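Heads up, the thing below is written out as structure tokens.
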Amino acid sequence: MQAADWYAVHGKMPRLHVPAVFAVGQEVVLPEGPARHVTRVLRMGEGAPLVLFDGQGNEAGVRLAEVGRKHTTAVIDAVWVGEGESPFAVHLGQAISKGDRMDYAIQKAVELGVAAITPLYTERGDVRLKGDREAKKLAHWQAVAASACEQSGRAVVPVVHSPLSLVEWLSARQEPLRLMLHLATGNAFDQPERPEAAALLIGPEGGLTETDIAAAQAADFMPLTLGPRVLRTETAPVVALTLLQHYFGDL
């Protein structure tokens, strides 16, 4: 059975991220978060169908087997390879921003098919995370990415890497197409070749400094403008990823 067959029989239903190995007939214990969502928010009972995905590209059609206070289980009826992944892999380097702006940028980037995300410390950025605070933020951002996959139909959860300095991230880039958004340039998007992957650099509120720009250019990043208007740091990846997926991906 494939995804289309499962949905044709059972209709629209929730998708939940459960990192487990899927096999037909297997009973899966739902982690606390998904179990709470199913039982307390959706109020689903035993026998209710839903779809699980493991975050590595596999999906499973399941039925709730036991709904209890201590644990909730589901039995797998079908397993298939998930869809929704873009043929064009973009690694987003996103300057860390305050409040829920970073959550928004990650959520929308995942919805638009980003392959990986690295939060960046830039010269002008005023957010610095250390120790437990950084670890908690990273776990939160990864959960935001997983939630975006549940909503958007993706079966692969993009990795949100540990925050790096801009220089560290630039030094690790090997993608054939490397772009940084920079309002001051007059370069509109024009890429005749069709690469399979790209690195995209988005600066903080206030933009990249001249030092940041020089470091990116030394790493073969091409300055790119998205028009005469100044975009917020959380809006810029949405526009840029939409254009990249239109030119090279599946939009």
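Glycine is no exception: its Cβ is also placed from the backbone N, Cα and C atoms.
Feature annotation from TrEMBL assigns domain 'Ribosomal RNA small subunit methyltransferase E PUA-like' to 35-76. Here TrEMBL flags 85-245 as domain 'Ribosomal RNA small subunit methyltransferase E methyltransferase'.
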Open item on the list: Can you tell me which parts of the same chain pack against the domain 'Ribosomal RNA small subunit methyltransferase E PUA-like' (35-76), counting only residues 6+ beyond its ends and a CB-CB cutoff under 8 A?
Closed with: 1, 3, 6, 10, 13-29, 82, 85, 146, 149-150, 154-157
TODO: Take the domain 'Ribosomal RNA small subunit methyltransferase E methyltransferase' (85-245) and average the pLDDT across it for me.
DONE: 92
TODO: Summarise the domain 'Ribosomal RNA small subunit methyltransferase E PUA-like' (35-76) by DSSP state, stating how many residues are helix, strand and coil.
DONE: 7 helix, 22 strand, 13 coil
